[in-house]
Each structure stands twice: as C-alpha cells, then as structure tokens.
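Visitor: Below is the structure I would like to discuss, written out as structure tokens.
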Amino acid sequence: MTDVSSSVSADGRVPDSPFLQTLFHSDQGGHEQVVLCQDRASGLKAVIAIHSTALGPALGGTRFHAYASDEEAVMDALNLARGMSYKNAMAGLGLGGGKAVIIGDPETMKTEELLLAYGRFVASLGGRYVTACDVGTYVQDMDVIARVNKWTTGRSPENGGCGDSSVLTSYGVFQGMRAAARHRWGTPSLAGRTVGVAGVGKVGHYLVDHLISDGADVVVTDVREESIARVLAAHPKVRVAASTDDLIRLPLDVYAPCALGGALSDETVPALTAKIVCGAANNQLAHPGVEKDLADRGILYAPDYVVNAGGVIQVADELHGFSMDRARAKASLIYDTTLEIFAKADADGIPPAVAADRIAEQRMSEAKQA
Ligand SMILES: NC(=O)c1ccc[n+]([C@@H]2O[C@H](COP(=O)([O-])OP(=O)(O)OC[C@H]3O[C@@H](n4cnc5c(N)ncnc54)[C@H](O)[C@@H]3O)[C@@H](O)[C@H]2O)c1
C-alpha cells in the first residue's frame with residue numbers, strides 16, 4: 001500500500017491536484033460529473049467527463065491517446081468536454097457536452113475486450129453520456145462499443161451509423177464561410193474569391209469541392225503529398241502553396257485552417273492577408289486574446305466550434321435513426337447561426353468568438369432555469 005501521509009500538509013489538509021482545482025474552483029470548471037474507469041483484466045483506464053447536461057445528454061467523442069500522465073488525461077477530458085457543451089449548444093441539438101479519454105497507446109492497447117469494458121462504463125451512466133469517434137478511435141471501434149450500450153454514435157452504416165462525419169463537417173464550414181462572406185461583402189457567394197485551405201485531409205478536401213462548385217479560386221497546402229494529389233486529381237486548376245506560412249501570405253480573401261489547432265497565433269495573425277478566417281480545425285485560437293487581435297486587424301473570424309459542428313450534427317442524428325437529409329438540413333442552419341453571432345458581435349462591440357460563447361452560455365443557463 002502507498003503511504004499518502006507525505007502529501008498531507010502540517011495543518012492536515014491534502015492539497016488539491018490541478019484537476020480538482022479546475023473542477024471545483026476555476027472559471028473553466030463547472031463540470032457536473034467526472035468518472036474514472038478501470039478494468040484491470042483488459043488494461044482499460046479511462047476518464048468520462050460530463051460538463052453539462054442542461055440541454056440534454058452529454059455527447060462527445062472518445063479520444064484514445066498515450067498521455068504523458070494520468071493527470072494530463074483528466075485535464076484533456078475536462079477541456080474537451082467543456083468545448084463540446086458550447087459546440088452542442090450552438091448547434092441547437094438538444095444535447096449537452098461531454099468527452100471521454102482512454103489512456104494508452106491505441107496501437108498496442110486497443111483490444112475488443114478493452115473496448116467492451118469501456119462500453120460497459122458508458123452503459124453504466126444510463127444515457128447521461130453519449131459517445132462517438134475522436135482521435136484514436138474509429139467507426140469500427142464504435143461498432144464494438146455499441147454492442148454493450150445504446151449510447152454510441154459514429155457507427156458504420158451497416159450498423160445503423162452515419163459513416164464519415166467529415167461529409168457534413170465540411171458542408172457546415174462551407175455554410176459558415178458563406179455567412180461570413182455575406183456579412184463582409186453583402187453576398188454569400190464565394191465566386192471569384194480566393195480561398196486558402198490549409199490541410200486537405202478528410203474535411204479539407206470536401207471543402208475544396210464545395211468551394212470549386214461555388215466558383216471560388218482555391219489555393220491549398222498540406223504536409224502530405226497524397227492529400228494534395230487527391231485534390232489535384234479532382235480539381236487540376238487548384239493552386240498549391242509550399243507551406244501554411246506561404247499560404248497565409250498570399251493575397252487571400254478567406255483563410256480556412258483545416259489541419260491542426262492553434263493556427264491563429266501571435267505569429268500568424270499579423271501575417272494574414274485574408275479578410276475572413278473560417279475553417280474546420282478545432283481550437284484555432286492559440287490563446288485567449290487572439291480573437292481580439294483578429295478583430296483589431298479587421299479580420300472576420302467565424303468561431304471554429306460553430307462552423308465545424310456539422311460532424312457532431314451528423315453523428316447526433318443517429319440517436320433518431322440516421323437520416324442524411326435531416327442531418328444536412330440541420331447542418332445548413334450553421335449559416336443562420338453564424339450570421340446571428342456576427343450580428344451580436346457588432347451590436348455588443350465584441351469579437352465573434354466572445355459572442356458565440358455568450359450565446360452558448362445563455363442557452364445553457366436558460367435551460368437549467370427552465
Ligand atoms: N472530421 C471531422 O468530422 C471533424 C469535425 C470537427 C472538427 N474537425 C477538425 O478539423 C481538422 C481536420 O480534420 P480531418 O478529419 O480532416 O483530419 P485529417 O487528419 O483527415 O486531415 C488533416 C490534414 O491536415 C494535414 N496537415 C497536418 N499538419 C499540417 C500542417 N502543419 N500544414 C498543412 N497541413 C497539415 C494532414 O496531412 C491532413 O491531410 C482537425 O482539427 C479536426 O479536429 C474534424
């Protein structure tokens with residue numbers, strides 16, 4: 001047995017860990033429930049974080065990742081769950097926000113036994129948490145997890161699932177971009193506009209399809225040659241920039257970050273030529289305050305979690321028996337939501353990212369009071 005007496009201070013108090021500080025004491029907290037899950041037989045160690053069920057069951061994916069420490073895993077689950085509350089609130093899904101992480105290297109640890117053990121923990125929450133794919137988990141994993149609970153989305157079409165969620169993610173980003181164009185230039189059309197897409201993976205390459213259909217002039221960049229080759233095979237006239245650094249300095253009307261988080265930083269914002277930023281990547285603002293730098297430079301930023309909600313809209317539809325038509329109709333509302341955010345930002349004299357947060361918080365607090 002481990003002796004814990006050394007962590008008790010002279011006055012008999014056990015100091016809070018960073019995650020307990022976050023959970024119970026900071027503005028970033030406010031989570032309803034955090035579940036630590038362990039199944040020694042399969043090696044499962046997981047964290048399910050439910051940030052809010054004010055608007056409905058907490059939906060968010062399961063990340064399978066080799067974290068540097070268990071504490072880092074808990075913090076990631078807390079942050080991601082909170083983000084899902086805001087995304088789901090803005091998407092008008094009648095769902096709250098949650099997220100789970102499975103701790104370990106999916107390459108070596110992922111087994112059917114482990115996924116089933118995890119699925120039983122999801123079941124134990126009786127529908128308070130609904131899971132889906134995230135980094136390190138795939139449609140076929142959701143099919144396994146769904147065998148032991150009713151609260152798993154992101155399954156394969158053969159199992160009643162919606163398949164590849166990047167289809168509606170890209171469609172939603174396109175709708176957000178049309179709204180931004182309307183707000184900025186008075187027309188939603190992107191015809192004749194130059195749009196730079198950084199990252200043409202699952203979402204980015206579908207986004208290029210939408211942009212080309214609308215008549216935009218598209219420039220792309222990606223670190224993977226296969227990704228670029230796929231775009232060029234479909235659209236030979238698309239131009240290619242050597243790097244994201246090069247792309248953002250070209251004369252662009254719109255910049256669409258569709259690769260990793262942190263695309264908008266103290267280094268990149270001063271270099272942007274685009275008048276609109278609207279892309280699929282999660283957590284584009286490298287730190288709080290960047291949204292103000294963008295506004296100060298006159299750049300219209302369409303908040304990431306608002307415009308990339310098409311994917312969660314697509315998987316959430318599985319809860320009603322999946323219909324692509326219904327899900328697409330819901331994703332098209334991202335256009336109206338984005339316009340509403342810009343209008344509030346203008347009216348209140350705040351950046352759109354702050355306006356989006358305020359609307360999401362208001363929706364959650366009104367639902368709690370009802
Ligand atoms: N897939 C979805 O449904 C979905 C939903 C919401 C948000 N997102 C977010 O959208 C982004 C893209 O997701 P995805 O599913 O298309 O991922 P993906 O892995 O299929 O595509 C990402 C692409 O970005 C490229 N890339 C990586 N680093 C780069 C760099 N430094 N410069 C240029 N290109 C780079 C990769 O080579 C890849 O082609 C991610 O941030 C993801 O979290 C995706």
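All positions are counted from 1 along the displayed chain.
Every residue gets a Cβ built from N, Cα and C, even glycine.
In case it helps, TrEMBL gives these features for our protein:
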| type | residues | note |
| --- | --- | --- |
| ACT_SITE | K99 | active site, proton donor/acceptor |
| BINDING | G199, V200, G201, K202, V203, G204 | NAD(+) binding site |
Visitor: Can you tell me the CA-to-CA distance separating the residue listed as 'active site, proton donor/acceptor' and G201 (NAD(+) binding site), as a whole number of Å?
Guide: 23
Visitor: If one looks at the chain holding K202 (NAD(+) binding site), which residues at least 6 apart in sequence have a CB under 8 angstroms from its CB?
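Guide: Non-local contacts for K202 (NAD(+) binding site): D164, S166.
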Visitor: Among the binding-site residues G199, G201, G204, whose Cβ has the fewest other Cβ atoms within 10 Å?
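Guide: Comparing Cβ neighbours within 10 Å for the binding-site residues G199, G201, G204, G201 has the fewest.
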Visitor: Within 10 Å of the Cβ of V203 (NAD(+) binding site), how many other Cβ atoms can you find? Include all protein chains, please.
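Guide: Around the Cβ of V203 (NAD(+) binding site), 29 other Cβ atoms lie within 10 Å.
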Visitor: Can you give me the same-chain residues 6 or more apart in sequence from V200 (NAD(+) binding site) with a CB-CB distance under 8 Å?
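Guide: The answer is L207, V208, V220, T221, D222, S227, I228, R230, V231, C258.
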Visitor: What does DSSP say about K99 (active site, proton donor/acceptor): helix, strand or coil?
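Guide: It is in a strand.
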Visitor: If you count Cβ atoms within 10 Å of the Cβ of K99 (active site, proton donor/acceptor), leaving out that atom itself, what do you get?
Guide: 29
